[in-house]
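> Copying in the features that TrEMBL gives for the protein in this structure:
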ACT_SITE  Ser174  active site, nucleophile
BINDING   Ala61, Gly62, Leu63, Asp64, Lys65, Thr85, Asn138, Asn171, Lys216, Thr244, Gly267, Gly296, Tyr317, Ser318  FMN binding site
BINDING   Lys65, Asn110, Arg111, Met112, Gly113, Phe114, Asn171, Asn176, Asn245, Thr246  substrate binding site
DOMAIN    46-330  domain 'Dihydroorotate dehydrogenase catalytic'
Amino acid sequence: MYQLARSLLFKLDAEVSHELSLDLLAAGSRLGLNKFLGGLPSTRPVDVMGLRFPNAVGLAAGLDKNADAFEALGALGFGFVEVGTVTPKGQAGNPKPRLFRLPEHEAIINRMGFNNKGVDHLVSRIKSHRYPGVLGVNIGKNLTTSVEDAAADYLACLESVIPYADYITANISSPNTPGLRSLQFGESLAQLIAPLVAARDRYEAEQGKRVPLAVKIAPDMTDDEIKMVADTLVAQGVDGIIATNTTLSRDAVVGHAFEKEAGGLSGAPVRDASTHVVKVLAEHLKDTLPIIGVGGISSGADAVEKLQAGARLVQIYSGFIYHGPELIKEAIASTDAYYRELDLGI
Ligand SMILES: Cc1cc2nc3c(=O)[nH]c(=O)nc-3n(C[C@H](O)[C@H](O)[C@H](O)COP(=O)(O)O)c2cc1C
């Protein structure tokens, strides 16, 4: 079924088919059709960051930036859905074209640039919902806000969404907002994270609800840089690390017509680099912080490989575009089997 839909959708411009698919899912959701999508399968839950995830497989950020279709996406079986990246004010993002499919590599290059309707719209969408899984909100800064003032944008987003989010992710690893990735290093990282952690703690003290804060990092770092980032995040008291975002490397797609397109490369070509980051983090962190593994998952075995590398949960984006809902089912079944075997000590 998805193969048929895919062959039609892939005939359209990549962004047009993206918008059309989300519109259809959102419309189906409004018509009460989500119950026909399958819903959450019965699996062993996974406890991470103080939250109970119905299964280990989530939808990565960027597909449903405005939270317009997350209930329908969730009904496909995802144990968690991360909406966003959202910024304080709505913004158009980069000029089109900015989204490119590389089917020969099961890959995508994007330079969307945080196109989104702004945090007020997103809040209106998540204020009340019927998704039974875990809802994450991924936050960023507006293009017009300088990197020096970024913390205020992240804080504004966090404070707007915290009453309605199950967890929040600070995205400091998109390659498509100039200077954003510099926030991953040294003092800039500590200065960005400290007010977010303080706001999380303030909210918990006042409302009695802890909303964990995760940070999403890039794959384009040396092992020493990964360890330094990890140390800062532990010292600052964040709750989890999401590894990874898209890569700037084009090594795996040399010679492709889109090789020179600017932006982040995702899908199969980023798989090994992402898994490597998960491994380095896991060996360095020794269970002090949970890791959510994302990048290039296009089979159940790929999802399990991330868990074996040290991730507790996984997320999928590009693989879902290429394989559709079948991949979600397969990844859930494989990761569920992995956890059940662990329980049995196999
Ligand atoms: C078109 C597109 C848009 C994305 N937008 C975001 C975003 O807004 N925020 C974010 O944190 N990650 C974003 N990502 C990165 C994904 O969440 C994910 O980290 C990355 O694509 C690697 O996973 P994958 O290989 O399964 O796609 C985007 C990815 C794609 C392909």
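The backbone N, Cα and C atoms fix where each Cβ goes, and this holds for glycine too.
TrEMBL annotations: computationally assigned, not manually curated.
Could you place these features in context, so I can see how deep they sit and what lies close by?
For Ser174 (active site, nucleophile), the same-chain residues 6+ apart in sequence whose C-beta sits under 8 angstroms from its C-beta are Thr85, Phe114, Gly140, Leu180, Arg181, Asn245, Thr246, Gly264.
Counted within 10 Å of its Cβ, the other Cβ atoms near Gly267 (FMN binding site) come to 26, all protein chains included.
When secondary structure is read from DSSP and collapsed to three states, Lys65 (FMN binding site) falls in the coil class.
The average per-residue pLDDT of the prediction over the domain 'Dihydroorotate dehydrogenase catalytic' (46-330) is 96, rounded to a whole number.
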> Among the binding-site residues Leu63, Arg111, Gly113, Gly267, name every one whose Cβ is found under 6 angstroms from ligand 1, counting any of its atoms.
Gly267
> Who sits close to Asn138 (FMN binding site): which same-chain residues at least 6 apart have their Cβ under 8 Å from its Cβ?
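Counting only residues 6 or more apart in sequence, the Cβ neighbours of Asn138 (FMN binding site) under 8 Å are Ala61, Gly62, Glu82, Val83, Gly84, Thr85, Val86, Ile168, Thr169, Asn171, Lys216.
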> Report the residues of the chain - excluding Lys65, Asn110, Arg111, Met112, Gly113, Phe114, Asn171, Asn176, Asn245, Thr246 - with C-beta within 8 Å of the mean position of the site's C-beta atoms, for the recorded substrate site, in sequence order.
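Nearby residues not in the site list: Gly62, Thr85, Gly93, Ser174, Pro175, Thr177, Gly263, Gly264.
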> Quick check for the class: what is the C-alpha distance, in angstrom and rounded, between Tyr317 (FMN binding site) and Arg111 (substrate binding site)?
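Cα of Tyr317 (FMN binding site) to Cα of Arg111 (substrate binding site) measures 15 Å after rounding.
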> Pick from Ala61, Leu63: which of these binding-site residues has the biggest number of other Cβ atoms within 10 Å of its Cβ?
Ala61
> Long-range same-chain neighbours of Lys65 (FMN binding site), Cβ under 8 Å, sequence gap at least 6?
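Spatial neighbours, sequence-distant, of Lys65 (FMN binding site): Val83, Gly84, Thr85, Val86, Phe114, Asn115, Asn116, Lys117.
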